[in-house]
Amino acid sequence: MGIIIKQSIRGSIWSYIGVLVAFVTTSYLYPNYLDTDTVGLFGLLIAYSTLFGQLSLLGIHGVASRLFPHFRSKETGHHGFLFIASIFIVVGFALFLLAYLIFSPALIASNQEQSKLFADYIYLLVPLTFFTMLFIFLDTYNKLLYDAVFGTFMQEFAQRVGLFLITLLFAFQLISLHQLVLGYALVVSAKGIIMLIHLYNKKELTFKPDFQFLTKPLKKEIVSVAIFSVLGGLGSMLVFNIDKIIINQLLDLSETGVYTIAFYFGTLVVIPSRPLLKIAGTLIADAWKDDDLDKIKSIYYKSCINQFIIGSFLFLGIWANIDNILSILGDDYLQSKWVIFFIGIGYLFDMLTGANAQVIAFSRHYRVSLYFMLSLVVIVLALLLALIPIWGITGAAIAIASALFLNNLMRFIFLYRKYKLQPFNYRFLLAIGFFIAVYFLQRFIPQQNLILDIFIRGTVITTLSVIFFSLIPISEEVQTVKKELWKRIESVLKPSKN
């Protein structure tokens, strides 16, 4: 199997073990042992630290993604790339600290009434932002070294296990709420430190500068790409993190907590795409360097069909069990039903359009994505401000789903007009028809008690999906996995020769 499918499978395994852990934490521990204000606090801390962390990198992660193939050379320490990156990170964090000292009093004052818990713990944004910066960059750097799995392991599995354990300690009354919040911040921060140690052990932390390699044109391109990445990254982070911030300002911290839990369930569909897109982006960057449009077309198509199959399977599993999910969450979360639906649909469309962002980001027309993102920021802010007062957190979900749809539609149109890249064919219609048919079929299953009902519906959906996609050659990768599994089964069952 190729590097994409191998690392995607490995990354997805860790992701879904992490999903099981996170499911227990999010669907049982949080609703039963934490109030919605505390859940809202966790959501806000992540939203702000992600936004500030991305911005404070000053675009160096974008420089890495786009220009690292030109630096790549282990013998020379990648021509001092980490030395350049460390300058960006230090300067960026210093600017964040300055902004924090200036604006944090106003942020605290604005949250004292409806979100006092957030105001009390706003100082945690300092360490959270720094370690978020560190992890974002080091994870990008590590995947450019053709290792997309370790970052997935840390973010999707190890962090979730840590959050489960710290919440479990609180549930058994072994720690206080204050210790829980500090423990939450420590667990989220730890992945940046561990990633640093991981790269050190791989002997990939070399800070020796190579000034001769930094020609004037290269310096100019680094600055240009960095500026673009700051603007584009700010837009992206605003679009996909501003929802919780605006909900907190227009409603309150409790509503933010309900939305945070619902958002988690809606985003379950997109988890498998993360390891795939990490390694696909690296290969696309190399393909653009070699001007290999056929390879780019192949990766683009495969990312679309495979992500859509997996995403549809997961969305179907979630929506078929939506009443069971709401029953588990409890009465405080009943209003989250349509939040889960719209967020899930939005991210399913994002998966349908595959690695379009990576194809554009590594092309010579990468700047066009900035114009898409800036227009999208205006649209999503307008929708959030208009829809939240009308429909509350459901309005926020509709705004985010609309943003995902419009963003991917613009990317699709651009790639088709500029490069004639159009990944869709009749196989997508077959997949859509199958999943719609299975959804209506499972509705005939009589409602059982909670656990049994989830098991029966999940088994029916999984069994029919495995049979259909094994028999119908919609995805080459699914067929490849099937053959590999069959070979392994045969090797186990085959009697050994003495």
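A Cβ is built for glycine as well, from the same backbone N, Cα and C atoms used for every other residue.
Just so you know, TrEMBL annotations are computer predictions that nobody has curated.
Positions annotated as transmembrane segment by TrEMBL: 12-30, 42-68, 122-145, 157-175, 181-201, 257-277, 298-319, 339-361, 368-390, 396-414, 426-442, 454-474 (among others).
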Residue numbers, six or more beyond the limits of the transmembrane segment (12-30), whose CB comes under 8 Å of its CB atoms
39, 149, 152-153, 156-157, 159-161, 163-164, 167-168, 171, 261, 264-265, 268, 271-272, 274-276, 325, 328-329
Segment proximity, the transmembrane segment (426-442) to the transmembrane segment (298-319), 3 or more C-beta pairs under 8 Å:
yes
Residue list, the transmembrane segment (257-277) vs rest of chain: Cβ under 8 Å, 6 or more residues beyond ends.
4, 7-8, 10-12, 15-16, 19, 22, 26-27, 30-31, 35-43, 148-149, 152, 156, 243-244, 247, 303, 306-307, 310-311, 314-315, 318, 325, 329, 332-333, 335-336, 339-344, 346-348, 350-351, 355, 358, 393, 396-397
Give the nonlocal contacts of the transmembrane segment (396-414) in its own chain as ranges (CB under 8 Å, at least six residues past its ends).
239-240, 243, 246-247, 259, 262-263, 266, 338-343, 345-347, 349-350, 352-353, 356-357, 360, 365, 368-369, 372-373, 375-376, 379-380, 383-384, 387-388
For the transmembrane segment (454-474), find every same-chain residue at least 6 residues outside the stretch whose CB is under 8 Å from a CB in it, and list them.
305, 309, 313, 316-317, 320-321, 324, 427, 430-431, 434, 438, 441-442, 445, 448, 482
Give the nonlocal contacts of the transmembrane segment (42-68) in its own chain as ranges (CB under 8 Å, at least six residues past its ends).
78, 81, 84-85, 88-89, 91-93, 95-96, 115, 118, 121, 124-125, 128-130, 132-133, 136-137, 140-141, 144, 184-185, 188, 218, 221-222, 225-230, 232-234, 236-238, 241-245, 248, 253, 256-257, 259-260, 263, 281, 285, 361-362, 366
Contact set of the transmembrane segment (426-442) with the rest of its chain, CB cutoff 8 A exclusive, min separation 6+ beyond the ends, reads 304-305, 308-309, 312-313, 316, 319-320, 352, 457, 460-461, 464-465, 468, 472, 474-475
